[in-house]
2 protein chains.
Amino acid sequence: MSEQKLRIAFIGTGVMGGPMAGHLVKTGHVVTVYNRTRAKADAWAEQYGGKAAATPGEAAKDADVVLSCVGNDDDLAQVTLGRDGAFKAMKAGALFVDHTTVSARIARQLSVEAEGLGLLSLDAPVSGGESGAQAGTLSIMCGGSAAAFAAAEPVMRAYAGRIVHIGGPGAGQTTKMVNQIAIAGVIQGVSEALRFAQVSGLDTDKVFEAVSGGAAASWQMVNRWGTMAKGEFDFGFAVDWMRKDLGLALEESRANGAVLPVAALVDQFYADLQAMGHGRRDTSVLVERLPK
Amino acid sequence: MSEQKLRIAFIGTGVMGGPMAGHLVKTGHVVTVYNRTRAKADAWAEQYGGKAAATPGEAAKDADVVLSCVGNDDDLAQVTLGRDGAFKAMKAGALFVDHTTVSARIARQLSVEAEGLGLLSLDAPVSGGESGAQAGTLSIMCGGSAAAFAAAEPVMRAYAGRIVHIGGPGAGQTTKMVNQIAIAGVIQGVSEALRFAQVSGLDTDKVFEAVSGGAAASWQMVNRWGTMAKGEFDFGFAVDWMRKDLGLALEESRANGAVLPVAALVDQFYADLQAMGHGRRDTSVLVERLPK
């Protein structure tokens with residue numbers, strides 16, 4: 001499928017979806033985008049040489065593949081099942097792939113709806129952030145049928161490094177939650193460690209040299225210790241997005257029975273940080289809650 | 001100094017000190033050991049071809065370098081300052097290096113005592129565990145004067161990979177605390193993430209493949225996810241040792257003002273695990289507190 005020129009609709013041309021859809025154009029597909037703010041869709045079309053549609057349905061009509069990367073559950077329901085949504089416009093046998101981080105519940109619901117319409121569907125949240133979307137090196141966690149995964153995988157290669165088929169509908173979303181739960185503990189651990197070093201009067205560069213190669217090592221420590229030590233947070237993955245993701249995990253934990261003491265606590269710390277005006281700053285701003 | 005054949009005393013031939021002292025013999029030094037349980041010192045001497053002494057003072061007499069790796073603050077005070085302790089027996093200008101993980105307070109106290117006796121001294125806790133001690137690849141975090149570090153570094157090369165001079169007396173110990181604080185957050189994050197994956201019915205191998213290469217990655221995830229998923233904990237770094245180390249960090253936080261919400265919480269979780277009989281199991285047993 002990757003060598004085939006496909007008709008693709010991409011719904012949501014934000015900081016993630018914009019460059020992802022751009023990679024699809026570069027790969028040789030014919031791409032039509034939809035964005036709630038029409039001007040953004042037009043700007044995307046001009047930048048990448050694709051087309052812009054007035055509604056999700058218009059973009060999805062005649063498309064072989066419809067992809068979405070929007071804001072949340074409500075946005076996703078709107079662009080798929082809402083008035084002028086994509087699902088009713090799609091042709092039988094077409095493929096729907098959602099890259100939004102949403103609840104497992106809506107992912108499963110869309111899978112059922114898609115099946116009823118004779119569509120293939122996949123929940124496929126991504127990690128790797130804005131820089132991963134731009135570089136085309138995202139990691140994608142997929143939930144859905146083997147047939148849907150087989151159809152989607154070569155298309156997603158345009159903007160992904162790692163693509164893993166985890167399981168049935170919703171499994172992509174629950175795996176993304178696993179990822180964010182782990183990150184919450186790691187960033188808080190790194191934050192407490194760094195602040196402890198600072199209030200102890202230690203040279204944080206030397207401490208990093210000593211502790212970053214062993215059992216305390218993490219991506220967060222390697223990539224954020226230096227900026228956290230300098231108090232730099234205006235980049236990366238925003239607190240507001242992390243709160244949304246932790247909210248999804250905590251919601252899902254009421255269904256699956258998982259106990260998440262530290263993820264729940266860190267979610268509250270992030271609520272503090274939002275109230276302190278840090279909502280748009282990188283998640284590593286967690287260290288700023290700790291006295292120095 | 002590394003090419004010189006030194007007279008070295010090593011106090012404490014446990015699972016860490018035993019192999020560390022053994023590496024010193026292999027490097028060509030003349031090593032005399034002391035252990036509270038005399039039979040262990042004799043067994044060490046037979047295995048490695050060194051000598052065993054009846055008291056720390058006897059081992060330390062005439063030594064160029066005295067190293068220790070014992071259990072805790074009280075043990076360390078006993079073998080250095082106690083009756084038949086090393087300090088009074090050491091010759092002026094000799095070097096004392098402590099590898100025990102202890103409080104920053106006793107590290108600073110020993111530095112003052114050593115200075116008064118005309119000795120060089122270094123606090124030099126290690127990380128890397130039993131396997132690192134055996135392989136001679138420990139990481140060592142050092143606090144003390146530049147002169148003490150310069151004298152100790154070539155000796156410690158016998159059993160270390162990474163050796164970092166962090167700062168003055170106590171800085172090695174506070175850096176070790178930084179390391180353990182970070183680990184506490186990371187292991188709890190990995191534990192919650194893994195259990196969430198399990199109760200969601202996900203294939204944990206596939207989840208690992210999807211999340212272990214990005215922002216959620218950590219040494220603990222890479223090295224413990226698989227064993228945690230299988231419920232294997234009879235190896236590694238024991239809960240009892242971690243509780244001791246977190247206790248030191250929490251004690252120090254009352255002095256330096258650090259706030260450690262997750263380290264304090266995880267310390268309590270480890271107390272649960274001790275009560276459940278898991279004290280000798282690897283720290284990754286933290287996942288067993290979470291329902292599945």
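Every residue gets a Cβ built from N, Cα and C, even glycine.
A:LYS176 (active site) counts 29 other C-beta atoms within 10 Å of its own C-beta, drawing on all protein chains shown. A helical conformation is recorded for A:LYS176 (active site) in the three-state DSSP classification. The active site annotation in TrEMBL covers A:LYS176.
Sequence annotations record features per position, and here TrEMBL assigns domain '6-phosphogluconate dehydrogenase NADP-binding' to A:7-167.
Residues annotated as domain '3-hydroxyisobutyrate dehydrogenase-like NAD-binding' in TrEMBL: A:170-288. Per DSSP, the domain '3-hydroxyisobutyrate dehydrogenase-like NAD-binding' (A:170-288) is made up of 88 helix, 3 strand, 28 coil.
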